[in-house]
Amino acid sequence: SSHLKDFKRILQNQYVTLNAGVFRQHTEDVSLKYVTSVTPAQWTFFVWVFIYFWFFAMFVYFLAGLCRRHLLLVDMCLVFNCITSAQCRSTYEWMYTTPAVLPYGFHVSIIIYLSLNITWLFLYDREMLLPVLITSALMTLTDYMMLFFSCRGLKIYGAWLSKHRNADLWMFRILVQNGVAVHATWGTLSTLLNLTIYLQHQTEASRYHCTMLSLLLLLMELLVWFLLENFYLDEHLRYTVTIYPVVTVWLTGILDNNVSPGTNLHIFE
């Protein structure tokens with residue numbers, strides 16, 4: 001099934017990461033070579049552990065769906081636009097197929113993301129900064145594609161889940177939508193960091209302007225997201241609440257990393 005393939009990809013990705021023989025250096029060592037004013041303190045990267053734990057819980061829920069069956073009620077027929085009573089007979093169906101809340105696009109996006117993630121590890125290890133930036137941006141794009149497909153699925157089946165499987169509805173909201181939102185937010189911030197690294201170390205742009213550009217882009221993205229989630233996509237994103245805490249942790253890490261003597265952030269000088 002799609003859930004098993006996705007989970008297998010994550011395990012393979014982690015195996016490649018831990019197999020130091022295929023890498024020339026540790027990721028942390030590369031990060032120390034390219035420190036910028038928007039590089040957060042090392043303690044902030046515990047978020048990755050949190051993200052992987054969240055994704056692990058999400059896939060456990062997916063795998064549990066492979067073993068669960070439920071009674072397909074007559075009300076479900078309304079979702080499929082059935083008309084005759086023969087079409088509306090109640091039967092037992094598997095949870096992961098009926099209703100198929102997450103479309104194929106969601107699983108394809110996860111597979112693409114994990115493939116890009118493996119590519120990014122090798123590019124970063126070789127310090128190929130421009131390909132690293134492009135790959136990071138593509139990874140972030142796939143994150144938002146996953147969020148889009150999850151919202152689309154709940155738009156179609158949310159009413160039925162709310163009536164008959166309310167616990168599963170909240171599992172989707174917490175584990176899937178908020179989990180993907182945490183990952184997408186962290187990916188966005190990492191892309192801005194990769195942009196700063198590339199501009200600062202591969203162009204003639206000053207450290208100050210590189211920092212200002214990244215922070216300005218972050219401000220613009222937050223404003224756009226605030227407008228979208230509150231005025232245009234409130235129906236779909238009302239229960240997605242993990243965006244701002246992740247940004248707060250990142251910014252706190254930046255401030256903490258710039259309090260030592262000689263590392264003051266330029267915009268505060």
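From the backbone N, Cα and C atoms, a Cβ is placed for every residue, glycine too.
Record features, source TrEMBL:
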type     : residues : note
TRANSMEM : 45-64    : transmembrane segment
TRANSMEM : 104-123  : transmembrane segment
TRANSMEM : 130-150  : transmembrane segment
TRANSMEM : 170-198  : transmembrane segment
TRANSMEM : 210-228  : transmembrane segment
Check: For the transmembrane segment (170-198), which recorded stretch in the set 45-64, 104-123, 130-150, 210-228 gives the largest number of Cβ pairs separated by under 8 Å?
Finding: 130-150
Check: Based on Cβ pairs under 8 Å, which of the stretches 45-64, 130-150, 210-228 lies most in contact with the transmembrane segment (104-123)?
Finding: 130-150
